[in-house]
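These notes are about the structure you will find just below.
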Amino acid sequence: MEQQPILLSQNLVSPFLEANYPALTNESIWTDPRLIPAYLSTISLFLLILHAIIPETRLRRYYAFFVDVSYRVKELQDPVYKESIAWSILQSVRIIASLALLAIQPVLINQNFNVINLTLLAFFAYTALLSPVPIFGTSKWKYLVSSHLSFLHLIILFIYVLRDIAPVAAGRLPLDYQEGALGWTRFAVLILTGFFVPANLPRRYIPADPENPIPPTITQTASYLSLAFFSHLDPLIYKAFKNSTLTIDDLPTLADDDTAGYIEKSGFKTLDPVQLGRKQWSFIWATILYFKKQYAVMSALSIVQAINEFASPVAINRILSYLEGDHDALRPWVWIVWLTVGPIINSICQQTYLYFSTKIVIRRSAIITHLVFVHSLRVRLSTTVKKEDAPSSKKTKKAPAAPLGAIQSPAPTPVESQAIDAADAAHVTGVPVEMMDGADPAGTAPSSVAATDVAVKAAETNKPKEEFRVEEKKPEEKSQDQIGKITNMISSDLRILQGGADWLTPVFLVVRLGICIALLYIILGWSAFVGMAIFICMIPVPGWLAKLGMKLQATKMKKSDARIAAINQVMNVLRMIKIFAWEDKVEKHLSEKREEELGYILKTQWLSTGTWMLNSIFPLMTMIATYATYTLILKKSLTASTIYSSIAVFNIFQEHLFGLFHYLPNMLRAIVSLNRVGDFVNNGELYSESGKEALVSTGAGEESSGIKICKSAFTWEKQSDSATGAQTPSTGRRNFKLQIDGDLVFKHGELNIICGPTGSGKTSMLMALLGEMYYQPLGPDSQWSLPREQGVAYAAQESWVLNETIRDNILFGAKYDKERFDKVIYQCALTRDLSLFEAGDLTEVGEKGITLSGGQKARLTLARAVYSSAQTLLLDDVLSALDVHTARWVADKCLGGDLLRGRTTILVTHNVLLVEPYAAYVISLSVDGRIVSQGTVAEALKKNDRLRAEIELEEAQARKEGYLGEDHKESVASDEDKDASKAAGKLIVPEEMAQGHLSWRAMKMWLVEFGGPFFFTLCLVGIFADSVMSIAAKWFLGYWAMQYDAIDHAEVPVPKYLAIYAGILVAGLIFVGFANGYWAWGSVRASRALHRKLVHSILTSTFRWLDTTPISRVLSRCSQDCQMIDGPLAEMSIGFLYITSGLICTIIAVITQAGLTALISAFVVVALGMLSGQLYMAAQLPVKRDMSNARSPVLSHVGAALNGLVSIRAYGAQAAFHDESLRRIDRYTRAARVYWNLNRWIGVRMDTLGGLFTGIVAAYVVYGRPTTSGNVGFTLALMSGFSFELLVWIRLFNEVEVQGNSLERIQDFLDIDHEPPSTKDASPPAYWPASGELVVENLSAKYSLDGSEVLKNINFVLKSGERMGIVGRTGAGKSTVALALLRAIPTTGTVLYDGLDTDKINLSALRSNVTVIPQHPELLAGTLRENLDPFGDHDDALLNEVLNAAGLNRTQTSNATAGPSTGAPQRANVGEAPVDNAGKSGESGTIGLDTEVASGGSNFSQGQRQIIALARAILRRSRVVILDEATAAIDYETDRVIQESLKTEFKDATVITVAHRLQTIMGSDKILVLDAGEIKELDSPKALLKRQGSFFKGLVDESSDKEALYSAAGL
């Protein structure tokens, strides 16, 4: 008899199968689910027909929205895009399987002939016909047909699962049981074709930009199963396991949609306000809109995960209910399978969610970094600060000893972690441990306090703002350090966004909390609402604690800012500190700053511990109130199924609650950070627009024919009354104005000279032409013009070089032309310099050009300008650092050479007569920023008496400038690089990357500072006691439940049991609080000790180590690494101990319940977990280090570009720097993507192992041994969190090792070369030095122990009060003499200072009694007072006196000079009157003790900085003074006056002067002539001038004021 077709009907929607299935009539046959594949086949055929027609019609553009048509792109036909061998193999398997299905179906028809089987035969025939197409078809068909096949087979597989597997779960027969073995064979084949083949098929590469495809990365072609389990990383992990030196080039390439270029192309349309042209555009909503697709996928995954995560409590409830006699439910094996598979599915969803989340993190980091960089290149940085963001500069009296720490700095500052258990919070919030606040996987600079004041900043972000509106600053506002702000935005703010900008997390945490409440109501009835009501009443307490924590955090951040700012200042001037012997004072100052910071760190950690304990008590009270209501009021029994399922839900509820409390502050900080970025990119005057108001013509036309300034004024800040040019004086401010009252037209194709005294605005005129200053018209015909059609080149006075090779610095992106390049090298006098470098022009110049001397850097920037093809060259005082021979050479060969012939050159210089033969036009400025005269040299001299007088003094000295003024690194390359055989031309030592695991030596260095054995014993006791209490609480609930089976329900002492249960949990909390608090105290103690050792090591390092170590590397140790040790590392370490103790206790408890089976399975799972962890760490450690190293170049590129912003804009090189930024971001992204994906790899494997372990143990305790439901519930309750604990244990073990890299990095800095320490025996007598007598015998020196000698057998004697001048050619070793006398470099020989051998006295004693004034003085950011007297040792009267003695009053006028600095910070104003006794700035903004000094002194001219350095030297009153080109940048008249003043101030001191101005040293008692480190001449000036063939005599004889110099020498 023919079998009637059966319809599943209600079973498709009901979670439980009905007892009987309704028989179907013939009328319902067409609704049988087995016909669905046939219907879908019809639709498939129709879609394939459309695909054959539509792509060839005009509808193709719309069709492409639904179906991929990239097969039409010719580039994709390249063999590199061909399918892999796995595609062909799996498609072949599908062909065989499809034919097998087609063969089976006729046999089944023969057994049971009906319409459904005939329809299925047609379906299988259709799929069999399609199956060869994916192999043999064209690109148009193969991928589309393959997806149709996969979908059709998946649908029919799902139908047969419902028909044949679902009934078995209820203990019934399958619906197709009559088909027997053939039916099950068909089912197995369908699993193969419907799941296995589609899941493992390589996906088709669909290019993000079809017009520009690139070879796909592995993630773009990996199968769905490989993506789910991240198996595509297996080859990389295995390679890392075999070879620990995994480099970034070994990592998978970037997907095209991950490249910075594509992100810029697609993201700027949404995120860049300039492209959008919008105002009031919310940057937060813009980012959400840009990542909308990722957020949509993440939302779907979160929904699945939110439902599936309750598999454990539901399964426990059903299993225990079954054991308690409820046999109406599904069979226990179903729930055991769910216990096994549920966590795996949940893990796949969670890890996939995090995959997309981290993709957003990385892409957002890339786009923000690049957008901020691009915006910085196109705007005036000083206009990006909103008015309400600018801090007040109202003065408050500062403690004398506070300057170094009170100075604002661009250095980034740390952000403190707020989570006690980052791993637990990570699990709850869906954010991985390494993304939580406090972790720093990128190794980037730490964060800014500006991003922590949530309340204030959040309020500010709600204020209306106008896009690109330039706010006028109030007079009392301080100019902000824009470079520091930008650095913080792309480092600290991105770190904050990394841990708090997942906007979906809090939403779905609330959803999950709602599901928890619903499940508790189902399990416990309305008693669950009693507990929730109690919980709601307690909500204000965590809010109050969070508010208190934020206040502590904000204060702590300010203390951290102060410490990092002080360290940054120290590192910028460390050479000066060492030369002045300030190490001890600085170390004490930094220790005080550190102590203040650590105090708040400890308070924050203790408050976090208390908050965690209170947050734990709240769910405990909720649970107890619920159980009390359930048992005492509702009079119901707490059965095992009720207790353990509700506990599982309570645990989930508690985790999500903690997650929400933890994540909300992070999200608020992320909002603040995004608003900071949004404010930056939404503000700022576009640089290209800055000249429009000036009627600048940049295209072809009459006005663009030449360079001109007509009736115009220029200032560094936009004035409130631009029509009148009125200015408002400001305290501590310098409001300089360059004013051109008439017409100034530069000679086209000729050399134009700008000259004037120090502070007259020579550099400002170049800045005005470049558009870096604000234009103010002075009349209706006002205008200025700088044609850029044929290019502009600029050489700054403060040479700006890139950390690249000499060749790359000169080429600056231009094509290499050897003939032109060699000519430029020749004309710029660099030929001899390059011959001294073993690598020649391929020598790296190092950070800030550290391998080059000042003169070499000046000629390098000049060579860059000359080599360029620019028609217009702006040269800012490039001759001031060159000696007579070099200056003459450059003037003759370069300025008068063929490469500049026909090019318009504007040169700022004091050496007018030196370049007069080649100059066609001279512009002379006065100290008030106005033109005194203009015309030819003869005309200018006729009109300008001051210029004529100054030139009389200048004529000889202008010919004597050059290498005589170079700093002590002048011969580093010539000697040391040769000895080191650095053929690659490298000086900066590459940062060492530790390989393998964290060394025990580094870990021990940290742990021994916590305390002794007693400390660790107490901590471990508290930690293990907490784990025991946690397990005891679960066991006691089982014991409680069993009492209802043993005695009458009414006799169960519920209040007693509630009290015992609460007591156990409270005891555990007390143990936790004690262990955490004690550990926090120990960690702070260790942090204090390590920071003290680190600072001491850096301060006592050698000068050579400072030369080879970038400042950024040192700052990274003092900020990022110290921050990691302060918080995250300590928290992760104790978290690891907690998880370890919990796992040990859990395994022991499970073994007691499940016996040998649990022991074996636990051993296998732990072994596999350890193996996976080892594989994971083998790959993660090198990738983490690669990512850290790849991030630094991104930040350094931004910093270098911003420091040279004027040069970049002048050259029009923004595009080149733009492209380099993309390249560096891509390199970082490549490592970051792998880093995050490796975390997903280990996460899904740990969850899978945990699920398998839970399933095995659950199956055994249910089916393998007789036991009570209470014991089963106890075991399952322990197992429910096992997979998570195992994952966190592996993760934390790795994170402690990864973040412990900070310990290794600090250990490396403790092992550096140090100078000899001070000893009591080496202390000189108290009276020493009584005189400045110097006796030097056979003094030789080298820059490193393995280098060659740069000074050879130097001998001279100076009596106290004598003066000696040192002259010589480049590389002669002039400045090296000063270093040798101070023992700053390795020396041999004897130096007697007042009768004592300097080798036998402490360095601090020697250096504190010798004063060196360098050519390039180092100034601190702060006030002028703090620069003169950093430690507050002197009163203001004395400070004013030394300023006047140094010649400051010579530069004072009603207005002052200005010079460029990034973001155009203001120059200090100067006035004619001497500095007033009050130390205040004059009413017209004159320089005073309270005048602000920008970082590095960038708001002062070079000459003014030298004057300040001279004043600082006078203040020290040393017996020996060394002036190393101390007045090189000061005009000649001022220099002459200063020299006279110094004779008075240093009348009792022994003075050694390195100078290229002969008038500076003609009054010396002796002249020392050096050549190649050896003395060639040593005698009085008079004796040397009488000696025929004397080098010194030759210098004087070449001078045009020969008679004056002879007269000065007494001849």
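Residue positions begin at 1 at the first shown residue.
Heads up, the Cβ atoms here are built off N, Cα and C, so glycines get one too.
Because TrEMBL annotations are produced automatically, they should be read as predictions rather than curated entries.
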**Item:** Correct range for transmembrane segment (source TrEMBL, candidates 654-674, 1242-1262)
**Value:** 1242-1262
**Asked** Thinking of Cβ pairs under 8 Å, which stretch from 36-54, 115-136, 182-201, 1242-1262 has the most of them with the transmembrane segment (143-162)?
**Response** 182-201
**Request:** Test the contact criterion for the transmembrane segment (503-523) and the transmembrane segment (295-316): 3 or more CB pairs under 8 Å, pairs 6 or more apart in sequence, then answer yes or no.
**Result:** yes
**Item:** Top partner of the transmembrane segment (115-136) among 36-54, 295-316, 336-356, 1242-1262 - counted as Cβ pairs under 8 Å
**Value:** 36-54
**Request:** Could you give the residue numbers and ranges of same-chain residues that sit at least 6 residues beyond the transmembrane segment (295-316) on either side and whose C-beta is under 8 angstroms from one of its C-beta atoms?
**Result:** 288, 335-336, 338-339, 342-343, 345-346, 349-350, 352-353, 356-357, 360, 430, 503-504, 508, 511-512, 515, 519, 641, 644-646, 648-649, 652, 1273, 1276-1277, 1280
**Asked** What same-chain residues lie close to the transmembrane segment (36-54): Cβ under 8 Å, and 6 or more beyond its ends?
**Response** 60, 63, 67, 119-120, 122-123, 126-127, 140-141, 144-145, 148, 151-152, 155-156, 159
**Message:** Averaged over the domain 'ABC transporter' (718-953), what pLDDT does the predicted model reach?
**Reply:** 81
